[in-house]
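Notes for the one structure printed next.
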């Protein structure tokens with residue numbers, strides 16, 4: 001009964017078309033970068049860098065953080081409307097995807113050795129779109145009612161899920177088979193690992209990413225220009241640099257957009273839509289405001305910067321199947337957690353802190369398993385495999401829900417809160433990525449576990 005009531009509430013006073021457009025818009029954020037890393041098992045086979053390629057690509061992604069910095073400087077010294085900049089970024093990501101499909105294996109001599117120069121350059125441009133989305137795409141959604149910020153986050157979660165599903169269909173990430181290839185003179189069998197070839201190649205995969213980027217471009221274009229979309233704006237005045245002033249009155253007025261000093265009122269709203277009240281998160285004190293910014297930076301430090309780098313160390317000691325299941329279910333947990341936020345309360349500061357505490361305990365366990373690799377607790381047992389899979393799935397789902405909750409609360413504070421939220425998200429991710437890169441590659445803190453025949 002509660003589920004039925006929840007579904008009824010979901011369709012009440014909202015436009016499903018705008019929901020779909022917001023989801024497609026969100027998909028275009030990280031699908032290019034996620035797709036590149038998902039293809040690593042195939043890319044390393046043709047790249048001269050071999051299994052050092054992930055480290056190089058991580059550096060290229062961090063160069064993409066110049067995007068948010070560039071956007072911040074543009075807004076400071078040369079006020080620009082954000083919509084044209086989003087069009088440029090989405091076009092850049094779309095063009096990068098199709099060029100990657102045809103040039104991912106092209107190399108050139110740099111510093112006396114062959115390197116995947118084309119892939120590096122295209123990854124940088126793809127990262128510009130992904131990294132800048134935190135300070136540009138997400139704040140853009142602040143002009144819409146809160147419910148559409150949630151569906152945007154669902155789309156952002158799907159940017160990891162969709163390429164993962166396609167990769168599973170492609171045949172990437174399956175467990176290697178041990179095949180008998182010979183017998184010694186004493187009669188002992190000799191086995192060799194065999195990895196089945198993919199059903200289709202990397203070129204086809206990046207063409208899929210290109211198609212999804214085209215759909216994201218179309219989604220944003222309609223979201224930005226459709227009259228129906230404008231009827232779903234919140235009661236808000238949007239100034240330069242995504243500076244928001246929300247109305248908390250029960251009778252809302254048409255949204256006012258201020259672009260380059262010229263004010264324009266969205267008068268297309270009909271009377272019924274004009275009376276919809278956006279359920280705003282509570283106003284918070286300046287101390288709590290700063291705390292939540294630091295919290296989302298810290299959560300992003302681990303969620304975006306650290307967890308991906310240690311998941312293999314944490315899970316592989318329990319077997320390849322445990323690793324692939326935890327990776328797959330973690331990707332599914334991200335959009336699922338955002339979808340559940342539609343039906344569950346997510347703006348309570350107490351619940352945010354409680355969930356953060358639970359996530360901290362789960363994070364401590366995965367760090368213990370990663371640090372003790374290749375012999376973590378319950379190594380070689382079914383209980384250990386089940387526990388590590390459940391822990392990773394719950395952890396990723398919780399941090400996704402926490403990030404969405406904090407973002408929703410910050411949206412309600414108006415001003416440039418969403419911009420600051422995006423900036424701290426990227427800063428935390430950047431610091432986490434650099435730190436874990438150094439720890440993994442230049443210390444002996446983590447030891448890889450390998451499956452043997």
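The chain as shown is numbered from 1 upward.
Glycine too: its Cβ is placed from the backbone N, Cα and C atoms.
Automatic prediction, not curation, is the source of TrEMBL annotations.
Taken verbatim from TrEMBL:
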type	residues	note
TRANSMEM	16-33	transmembrane segment
TRANSMEM	53-74	transmembrane segment
TRANSMEM	86-104	transmembrane segment
TRANSMEM	116-137	transmembrane segment
TRANSMEM	149-172	transmembrane segment
TRANSMEM	205-223	transmembrane segment
TRANSMEM	288-310	transmembrane segment
TRANSMEM	322-344	transmembrane segment
TRANSMEM	351-372	transmembrane segment
TRANSMEM	384-406	transmembrane segment
TRANSMEM	418-440	transmembrane segment
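Sequence-distant residue pairs (6 or more apart) of the transmembrane segment (384-406) and the transmembrane segment (205-223) include fewer than 3 whose Cβ atoms are under 8 Å, leaving the two stretches without contact. Fewer than three CB pairs closer than 8 A are found between the transmembrane segment (86-104) and the transmembrane segment (351-372), and contact between the two stretches is not assigned (pairs 6 or more residues apart). Remark: the transmembrane segment (351-372) makes no contact with the transmembrane segment (16-33), by the rule of 3 or more CB pairs under 8 A. The transmembrane segment (418-440) shares more Cβ pairs under 8 Å with 53-74 than with any other stretch in the list 53-74, 149-172, 205-223.
Highest Cβ pair count under 8 Å relative to the transmembrane segment (149-172), across stretches 53-74, 205-223, 288-310: 205-223.
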